[in-house]
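Take a look at the structure below.
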């Protein structure tokens, strides 16, 4: 029996993630992450950075990829599945490539758990909405908004990967010393890697007749 779109839970889940993010920003103490971890969370249990990043990012790839894998071949190639495929491609890189290359400090387990929950919710909402709720006509591939969204996605992912490369080169293997990055978009902004990771796929829901932005939300870590 085909699954029908239940849009109310999607909206509720999205609102819940946004509300939790706002509460953390407004009420929580500063996170002991990166160079601040030793001072703010000195006794917190930790995992090596590579293992922590892998576990944290994995749900954002595995959940939507699992939804895609369950679809009949007749659905593959539709605009919504292409957009979800791009989402999976981004998180495949974050999970299986970035995590193995990172040279960060040991990661507090409490932040790993928070990130895991966020990524699981984000992956589920993105995958469920695009496969079961989003409606795109076949000619959407020819729409300028689709082309612009793909361009922004590729540009943002390229900026993210290049900026991460610059950051890795600041440290020798085994080194965790903090240094200010130079070059690339770091010449103009302090967080070029975050700038790239907020790349957007522009989409529209045809029955509403107006464009909206489809974000790949990422926690600022």
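Just so it is clear, glycine is given a Cβ too, placed from its N, Cα and C backbone atoms.
Curation does not apply to TrEMBL; its annotations are automatic.
What TrEMBL records for 106-197 is domain '3-oxo-5-alpha-steroid 4-dehydrogenase C-terminal'.
Sequence annotations record features per position, and here TrEMBL assigns transmembrane segment to 80-97 (among others). Sequence-remote contacts of a segment are chain residues at least 6 beyond its ends whose Cβ falls under 8 Å from one of its Cβ atoms, and for the transmembrane segment (80-97) they are 53-54, 57-58, 60-61, 64-65, 67-68, 71, 119, 123, 126-127, 130-131, 134-136, 149-150, 153, 157, 161, 201, 203, 214, 216.
Feature annotation from TrEMBL assigns transmembrane segment to 109-132 (among others).
Annotation source TrEMBL lists transmembrane segment at 144-162 (among others).
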Query raised in the report: Could you count the residues of the domain '3-oxo-5-alpha-steroid 4-dehydrogenase C-terminal' (106-197) that DSSP puts in helix, in strand and in coil?
Result: 66 helix, 2 strand, 24 coil
